[in-house]
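Features reported for this protein in Swiss-Prot:
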BINDING   Gln37, Val38, Arg39, Glu40, Lys41, Asn69, Ser108, Lys137  4-amino-2-methyl-5-(diphosphooxymethyl)pyrimidine binding site
BINDING   Asp70, Asp89  Mg(2+) binding site
Amino acid sequence: MEINYELYLITDRRFLKGRQLKKVVEDAILGGVTIVQVREKDVSTKEFYNVAKEVKEVTDYYRVPIIINDRLDIAQAIDANGVHLGQKDMHLNIAREILGKDKIIGISVGNVKEALEAQNNGADYLGIGTIFPTGSKKDVDAIIGIDGLSKIKDSISIPSVAIGGINKTNFKDVLKTGIEGISVISAILDEDDIKLAANNLLINK
């Protein structure tokens with residue numbers, strides 16, 4: 001599957017406002033989302049599995065890749081396209097042994113050293129951040145800004161997406177770095193019109 005990282009949605013059910021996750025994801029895809037990561041913290045394995053399976057029904061229908069945050073077991077159970085791992089999650093080499101060469105493995109990085117290490121270890125793509133202050137993620141170690149993003153982007157050759165505080169007012173500045181895509185949560189999920197919110201984040205709409 002050819003991966004288009006242009007508009008990368010990360011799910012967060014705290015923003016649903018009573019809406020169904022499946023419907024929200026579908027509207028986001030119809031608005032232009034090209035890849036979806038299911039991210040669930042502090043839930044049981046059973047609940048995570050059920051949520052991921054539900055989202056996969058939508059992504060499969062629209063032929064959009066689905067990535068699972070952190071949990072290799074969930075990724076395997078639903079046959080997701082891959083996983084996204086943080087710096088404190090399972091080592092990439094071990095994840096690759098478990099998932100095989102055909103699955104996508106993305107790694108979160110915040111500096112050039114982490115980026116080069118992930119690339120050298122065989123990451124398929126990188127999530128670079130945090131770019132701007134954000135309310136979605138509380139344990140932000142360092143805001144790297146556009147300059148930090150550019151330095152990391154210039155040091156690597158694999159695809160990457162920027163994450164952290166990206167919205168319709170600043171995403172064009174982020175894309176000027178040459179990055180393959182932007183990763184968002186609240187910029188889409190916290191809006192009333194999900195489809196329009198996604199569409200507003202496309203450079204060539």
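All residue numbers here begin at 1 and follow the chain in the order shown.
Heads up, the Cβ atoms here are built off N, Cα and C, so glycines get one too.
Counted within 10 Å of its Cβ, the other Cβ atoms near Gln37 (4-amino-2-methyl-5-(diphosphooxymethyl)pyrimidine binding site) come to 23, all protein chains included. When the binding-site residues Glu40, Asp70, Asp89 are compared by the number of other C-beta atoms lying within 10 angstroms of their own C-beta, Asp89 comes out lowest. Cα of Asp89 (Mg(2+) binding site) to Cα of Ser108 (4-amino-2-methyl-5-(diphosphooxymethyl)pyrimidine binding site): a span of 10 Å. Looking only at the binding-site residues Arg39, Lys41, the densest Cβ neighbourhood within 10 Å occurs at Arg39. Here the Cα atom of Asp70 (Mg(2+) binding site) is found 8 Å from that of Arg39 (4-amino-2-methyl-5-(diphosphooxymethyl)pyrimidine binding site). Close to Val38 (4-amino-2-methyl-5-(diphosphooxymethyl)pyrimidine binding site) in the fold, though at least 6 residues off in sequence, lie Thr11, Phe48, Val51, Ala52, Val55, Ile66, Ile67, Ile68, Asn69, Ile74, Ala80, each with a CB less than 8 Å from its CB.
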